[in-house]
Amino acid sequence: MATRVAVSDGGNKKTSRVRVAVRLRPYMNKEDEKSEGPCVRGLDSQNLEIINWRNATETVKYHFDVFHGEQTTQQEVFLSSVKPILPHILNGQNASVFAYGPTGAGKTHTMLGSSEQPGVIPRAVREVFKLVKAKDESDGWDYSIGMSYLEIYNEKVLDLLSPNSHDLPIREDKDKNILIPGLTHMNITNFADFDKHFVPATLNRTTASTKLNQRSSRSHAILLIKVVRTQQQLPHRQQTGKLYLVDLAGSEDNRRTGNQGIRLKESGAINLSLFTLSKVVDSLNSGTSVRVPYRDSKLTRLLQDSLGGSAHSVMITNIAPEYKYYFDTFSALNFAAKSKLIVNKPFTRETVAVPVLPVKRSREERETGGSGTEPQKKKHKEEKKSEHDGSSLIICLELKEKQRELESKAMLFSQLAGEKSITGQEPDFENKTTALRRKQSDATKPNKQQAVVQPLQVSQRQPLQQLLVVKKQSVCVKKKEETCSDLIESLGGKENNTKSAWESQLDQSMVDQSKQKILQILNTGCLKELKSLQQIGDKKAKLILGWREIHGHFTKVEDLIQVEGMTEKRFSSFMKANIVSAMGK
């Protein structure tokens, strides 16, 4: 058994602002249509400016933690933006790096890179192994490293290490940690082991060609590196640090990408999740206690620790210099400027084993010094018990014999006293001694079932008291049973009356037609049509769509009870409201 305790550095709960870096992609060799040149340029290592679209003679300036120009190498991006946060993972804290920007701006190149120019992900994993290896073996900690890799495609969480897996759920434990039950987790011992699993999994990611990008990412990819360190000595403390490396899909303008069919559906899911991400940032920056819509999207649910949570976060915003990307670049810069105001509260979570208390030995074990095998101890205990039972039986028989002798003497004395009182003569002797009182010996004190001679008055009064108490209890129980039975009958009658109160007043054929209309909407209706039903909101409509996608069409209206959160009482209220509403129309 283990307990989880929160440990903060230095005794105070520290805060960490989200660091934002902006990387400008090089200008393509192919000139744009108007040959207007770049619309954005860097001023120094932290500032850049973009032309004001309202007035071409003015520019809008931005200030960030780091600005990477067109000539910045992959190594420089990693050293200045990513490497400083990696040591926190070995101390049981979380870290997060994610690339943001429009499609075609170079996010995947920044995160993955190529064999000649590796990106942030391979460099960060190599650095983690390097940090673990540099730890002195005498520091008293053992380290283990594992990896998981997933993608969010059309609002479905898919395991890239296990391509045949289905949509995985997202859960949250009692400590507010985000969990994905069923997600593959592989232990890795070196970078070659990581590369062996990561490269094939990357090929499983969903990509497609658009007018703006020959190999456009159609999903958000998230790589999780987990470092667990365990104390070698008692109390065997265990600390877990997580590194999230996220390659987001780019926002798309379908008018320029020419998306149709399934590409259009993919871009809709991508833009919706990125819009939810923007709402999360706005809510965190509002400064009021408004609800942060983490649960409105699978992406924001997984990034809950990275934005406003318990992680050291870095966002690398990728932008393009061409004028055709102007509004995408302008929107990305505004989002980056808002994101750098978010403050996280990272802390260390560690598991401490509860010490096992020693078992108290019995008296027999202490007397024998705890030696001997278990059968011998049991035999010795049984012998002692049999000896004790035999001696108690002998003492009990002797006491019963003595008791009968005393009772016979007492009866003889009472008979003699009665005869003398009838004849008027005095008795031959007078008993001036006190009443006989049996003194309990030490051996008979534990035996509570022995017979005791009690005075006559007490023995006559006690049964009357018991009879009175029993009679009173029986009356109370009887009344209580009658009350409960009446209540159950009234409730049953009320329930039956409730069902017939509104259905009996309606034409059965009209009720059946209304049910068929409701069933048709449940099976073929979109999100808006489902929300048009009475008592069906946005959340319940999404649950119905999810159930329909997994199980198929509803065979009957009553199958709606199988949807999460739809109880029988809510279903009855739902049917009454919709049938009455349909017949009223």
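Think of each number as a place in line: the chain as shown, counted from 1.
Just so you know, glycine gets a Cβ as well, placed from its N, Cα and C.
What TrEMBL says about this one:
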type	residues	note
BINDING	Gly101, Pro102, Thr103, Gly104, Ala105, Gly106, Lys107, Thr108	ATP binding site
DOMAIN	17-342	domain 'Kinesin motor'
REGION	360-387	region 'Disordered'
Residue, out of the binding-site residues Thr103, Gly104, Ala105, Thr108, whose Cβ gathers the largest set of other Cβ atoms within 10 Å: Ala105
Whole-number mean of pLDDT values that fall within the domain 'Kinesin motor' (17-342): 85
Among Gly101, Pro102, Gly106, the binding-site residues in question, whose Cβ has the most other Cβ atoms within 10 Å in this structure? Gly101
Cβ neighbour count within 10 Å of Lys107 (ATP binding site): 26
